[in-house]
Amino acid sequence: MRMDMYHTKILKAIESEDYISVRRRVLRQLVESLIYEGIITPARIEKEEQILFLIQGLDEDNKSVTYECYGRERITFGRISIDSLIVRVQDGKQEIQSVAQFLEEVFRVVNVEQTKLDSFIHELEQTIFKDTIAQYERCNKLKYTQKSYDELENHLIDGHPYHPSYKARIGFQYRDNFRYGYEFMRPIKLIWIAAHKKNATVGYENEVIYDKILKSEVGERKLEAYKERIHSMGCDPKQYLFIPVHPWQWENFIISNYAEDIQDKGIIYLGESADDYCAQQSMRTLRNVTNPKRPYVKVSLNILNTSTLRTLKPYSVASAPAISNWLSNVVSQDSYLRDESRVILLKEFSSVMYDTNKKATYGSLGCIWRESVHHYLGEQEDAVPFNGLYAKEKDGTPIIDAWLNKYGIENWLRLLIQKAIIPVIHLVVEHGIALESHGQNMILVHKEGLPVRIALKDFHEGLEFYRPFLKEMNKCPDFTKMHKTYANGKMNDFFEMDRIECLQEMVLDALFLFNVGELAFVLADKYEWKEESFWMIVVEEIENHFRKYPHLKDRFESIQLYTPTFYAEQLTKRRLYIDVESLVHEVPNPLYRARQLNIQKSVATGGNYANC
């Protein structure tokens, strides 16, 4: 058999040291999350500033086996950090070589459904395989800080810093991974199809904008050619909508699962896009390589990545433009968000979907157009994905190292909080709208590394509100008019929550625990900047901001950002258990501790911080 280029690269990657490094990382994140989420309860032996964790298991002969590792419980949300290799102890000690063996042995002691365990093991093994290839191919010709925003979207290859199956991409074969994985920067052509209006719809009240985006994205000449093709099939172009499709989705899912629709001309293949596109970190969002200022295109992908199926739910596609319009109006009427912080909303301004109400194809054919960040960048401004702020070069150097050295850690950190974090909190406190502001949903706009402002994105599934806490309830969209799923849904299913605590949990979980907290780790581990000091500065800047808005005092207190503990999502547990009452666990809040320390510091110096 003749080996192709991809096959040769894969063999070299697996034989390299990168395979061992990636396997160690996946196992480390796996053990950290299992302990942190309380899925396993190892014995703990305190040893100076470290903890020796002893994890019990049973081998296939039901003989006792122990896994050992050293780590710490962090100030930042009580997160667990494993600092040593993880070794298997049974007739001697040996570093773990197999994710499958570790989980099989540990879960003979802890009960879990075998099919769920097998599925999770597969995700982890695929993550090791696919990240090994990415790390082996990693390009270090330029430092990260020398790269543009678009380049960073492709070069930030490390994936989720907490989730252990951060690069599973279940559905992609190895050639698919090379062709469509964002790390490999292969340009692709979108597939355009015509979809009959009996099953195809545009976003709610979005027809005019949809027509405009088609002319812009396809071009009038090509649009006419597409209409002629529909005519030649004996159909009326006025009865069809045009939808861009990811080429992998077309080849591997649409053709086989929509064969009946293709046969009866419910779907008509039109051709490839003129422009080239390239995947961003989220995989299903594509940037226009030919014309970078043109919109990003978010399309359905029937792959499982970071434990989530990357399709687009029809109801969320339907409401996407309305949500962006709502948020845009809110920001435009808030002088702080509009003029002072100059927050950028990358609006999801148009959308289209095809839905036959069949379970097997649900969410598999849809598109959302989102504004490009390049549309907003001013002179001398550049941008970096927020998760890039806690990423590292291959040698372990933080990519923000040069910026910290140039501006000083405290000065740079305070600016970051003022320009990027405070606007998200202000939106919750002033307006009652919480965004899922994790690392991929935020973009820092900077000038030579100095934080300037924040761009926020991906609103169609990442927003929550508690109706009694909305500043202007009458401005909130009526989602029940937009899609039948909303009309048939209940509280907490979508955007509307039944308690104000949900807004608090969204901010503490998405913004701080799994996003800003990672930056606290980088500063602590690489620069010996204490986590306590980090969170004290965060609290100082939050309170400095809200002192300027005394009318928000009661609303700020209602959010209870300084609660001693809160309930965080269990990302790993949800891969192992389905029939459980709750997939959250109680964790300590570093903002509470930091505020207490700030009060003590103020009292000691004769201040009145506690009365602020």
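The backbone N, Cα and C atoms fix where each Cβ goes, glycine too.
According to Swiss-Prot, SER282, MET283, ARG284, LYS298, TYR390, GLU461 bind ATP; the candidate from ARG310, ARG414, ARG499 that the record adds to this site is ARG310. Contacts of LYS298 (ATP binding site) defined by a Cβ separation under 8 A and a same-chain sequence distance of 6+ are given as SER282, ARG284, THR285, LEU286, LEU312, GLU348, CYS367, ILE368, TRP369, ARG370, in order along the sequence. Taking the Cβ of TYR390 (ATP binding site) as centre and 10 Å as the limit, one finds 21 other Cβ atoms among all the protein chains shown. Largest CA to CA distance in the ATP binding set (SER282, MET283, ARG284, LYS298, ARG310, TYR390, GLU461): 25 Å, whole number.
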